[in-house]
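See below for the structure under consideration.
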Amino acid sequence: MRVLPATLLVGAATAAVPPFQQILGLPKKGADTLSKPLHDFQEQLKTLSDDARRLWDEVAKHFPDSMDHNPVFSLPKKHTRRPDSHWDHIVRGADVQSVWVTGANGEKEREVDGKLEAYDLRVKTTDPGALGIDPGVKQYTGYLDDNENDKHLFYWFFESRNDPKNDPVVLWLNGGPGCSSLTGLFLELGPSSIDSKIKPVYNDFAWNSNASVIFLDQPVNVGYSYSGSAVSDTVAAGKDVYALLTLFFKQFPEYAKQDFHIAGESYAGHYIPVFASEILSHKKRNINLKSVLIGNGLTDPLTQYDHYRPMACGDGGYPAVLDEASCQSMDNALPRCKSMIESCYNTESSWVCVPASIYCNNALIGPYQRTGQNVYDVRGKCEDESNLCYKGMGYVSEYLNKREVREAVGAEVDGYDSCNFDINRNFLFHGDWMKPYHRLVPGLLEQIPVLIYAGDADFICNWLGNKAWSEALEWPGQKEYASAELEDLVIEQNEHQGKKIGQIKSHGNFTFMRLYGGGHMVPMDQPEASLEFFNRWIGGEWF
């Protein structure tokens, strides 16, 4: 979850949106692109109820600086579409949709469910030797095109280093919202990292050691993805992911028969319940979904926001970052914050959920941010504010902006950004941030195992909050799961056998792991422990 001060501040309901104040100096085309959403926003402000206006005005009173920040709508990325001849395969959704089969009772039915007519999948076999990333491992890159809505999602597939004919397939998603999954590829769990010389370095602990992995830049206008339109909530993005997987497995049926898992971190705590539910809602599908893994996620804000104060004030296993006065201030703000989140849960209205995000983030995350401590790791200061505290993220961006890299993978955009904060704000202004996506998890547990894991040094999506929401979740196994004790998690698969790497509790299809010494990005901080639990999870040890 990416939180910057600008992300947390917006104008109150009574503040007029100055005409194009945000886009002075932009070409007229850019102004035209923004005029309609800004006009729509102004019109919607006029329709607010008195209660909603009071709520927004209260936020403005507490955080007057927010009056200076109005909604930002993302401009399209500059791009040049490559000709069809560039691609080795183009899978037409309309062709897939047109395939009918005979059902068990002799009736005609579509081979796969879903509305796929508007989608195409473009595929290029990428030469591993061209970039020196996992030489000898089969790779595909390309785009999922939603031709109806002018959306183009970039993906990068790496085959398993081990036994690709039998190893499972995993979709990896970074969060944000609005951050590229290529960050996960090169900073965390992919086959290579990028060093200070902007060169790829082989990763011994890559997750494609025993699984094939797809890294997806979503939603649109993130990483190498682009669009003339925008996605501003999690549900809208779910349709695209289902289409991508359906067309990919149609082109490569050898992977479709393998077990499939979805993994991700941070705001993927929103994405994954929705994406998995979307997949499972289609009874006729070619996606063999077996489990989901959510790392340091934001899934149940009402429960998780309870635990910012304890984590910041010394109750999470690390020394306090804040002084007593700041901790007391957070305690004082919590009841109002929780009341606002409850209202969001009850209505799921943007006009209620947006003020909850602004108030709670300023009151409960803001005090920590102002210390200069890394929100993704309580153990140290933010070392590079321009790259979300990590110099390595800057190395990744510099590498992915190289012309030869973009050419090798078939990227169609003129540049790469690790995170698009316009997207971040769009999701916030749609009210998506505080919505109760955890309510989808019981439905998942009825069909597949769910793993919640958390590096215990993270503040922003900390282990205390993730453990708490998993225990508070209402499902048939809640009592047994909540009462289960944390047990030691130790290495079993290499020469460090017996080394304690964390704690685990599990019942039925639900499992929680605390990973020692991991921040927000566990595979980066604890690569050995990360690969250990990942291999054992996809191997079915806990389900």
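Glycine is treated like the rest: Cβ placed from N, Cα and C.
The 10 Å shell around the Cβ of SER266 (active site) contains 27 further Cβ atoms across the protein chains shown. Marked as active site by Swiss-Prot on the basis of sequence analysis: SER266 (among others).
If you take the C-beta of ASP458 (active site) and look for same-chain residues 6 or more apart in sequence within under 8 angstroms, you find ASN296, TYR376, ASP377, VAL378, GLY518, GLY519, HIS520. Annotation comment: Swiss-Prot describes ASP458 (among others) as active site.
Residues or ranges marked as active site by Swiss-Prot: HIS520 (among others). Other Cβ atoms within 10 Å of the Cβ of HIS520 (active site), summed over all protein chains shown, number 28.
When secondary structure is read from DSSP and collapsed to three states, CYS179 (disulfide bond) falls in the strand class. Residues or ranges marked as disulfide bond in Swiss-Prot (evidence: similarity to another entry): CYS179-CYS419 (among others).
DSSP assigns CYS327 (disulfide bond) to a helix in the three-state reduction. Long-range C-beta contacts of CYS327 (disulfide bond), restricted to its own chain and to partners at least six residues apart, with a cutoff below 8 Å, comprise ARG309, ALA312, CYS313, ALA320. The disulfide bond feature in Swiss-Prot is assigned to CYS313-CYS327 (among others).
Summarising the annotation, Swiss-Prot assigns disulfide bond to CYS337-CYS360 (among others). Taking Cβ-Cβ distances under 8 Å and a sequence separation of 6 or more, the neighbours of CYS337 (disulfide bond) in its chain are TYR305, ALA356, TYR359, CYS360, ALA363, LEU364.
Secondary structure at CYS344 (disulfide bond), taken from DSSP and collapsed to helix, strand or coil, is helix. Taking a C-beta cut-off of under 8 angstroms and a sequence separation of 6 or more, CYS344 (disulfide bond) has the following same-chain neighbours: VAL352, CYS353, ALA356, GLY431, MET434, LYS435, PRO436. Under the heading disulfide bond, Swiss-Prot lists CYS344-CYS353 (among others), citing similarity to another entry as support.
In three-state terms derived from DSSP, CYS389 (disulfide bond) belongs to neither a helical nor a strand segment and is classed as coil. The disulfide bond annotation in Swiss-Prot covers CYS382-CYS389 (among others).
ASN210 (N-linked glycosylation site) counts 19 other C-beta atoms within 10 Å of its own C-beta, drawing on all protein chains shown. Positions annotated as N-linked glycosylation site by Swiss-Prot: ASN210 (among others).
The feature N-linked glycosylation site is assigned by Swiss-Prot to ASN509 (among others), with sequence analysis given as support. Within 10 Å of the C-beta atom of ASN509 (N-linked glycosylation site) sit 20 other C-beta atoms, taking all shown protein chains into account. In three-state terms derived from DSSP, ASN509 (N-linked glycosylation site) belongs to neither a helical nor a strand segment and is classed as coil.
Look at Swiss-Prot and you will find 1-17 tagged as signal peptide, backed by sequence analysis.
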Revision key, fill the gap. Between the disulfide-bonded residues CYS179, CYS360, CYS382, CYS389, CYS419, the one whose Cβ has the fewest other Cβ atoms within 10 Å is CYS382
Point to revise | Count of other CB atoms lying within 10 Å of the CB belonging to CYS353 (disulfide bond) | key: 26
Check your understanding: Could you tell me the C-alpha distance between SER266 (active site) and ASN210 (N-linked glycosylation site) in angstrom, no decimals?
Key -> 24
Practice item. Going by Cα-Cα distance, pick out whichever of the recorded positions ASN210, CYS419, ASN509 is nearest to CYS389 (disulfide bond). Key: CYS419
**Study point:** Other CB atoms within 10 A, centred on CYS313 (disulfide bond)
**Key:** 21
Review point. Where does CYS313 (disulfide bond) sit in the DSSP three-state scheme?
Key: coil
Review point. What does DSSP assign CYS419 (disulfide bond), in three states?
Key: strand
Practice item. Between CYS382 (disulfide bond) and CYS179 (disulfide bond), find the distance joining the two CA atoms and give it rounded to the nearest Å. Key: 18
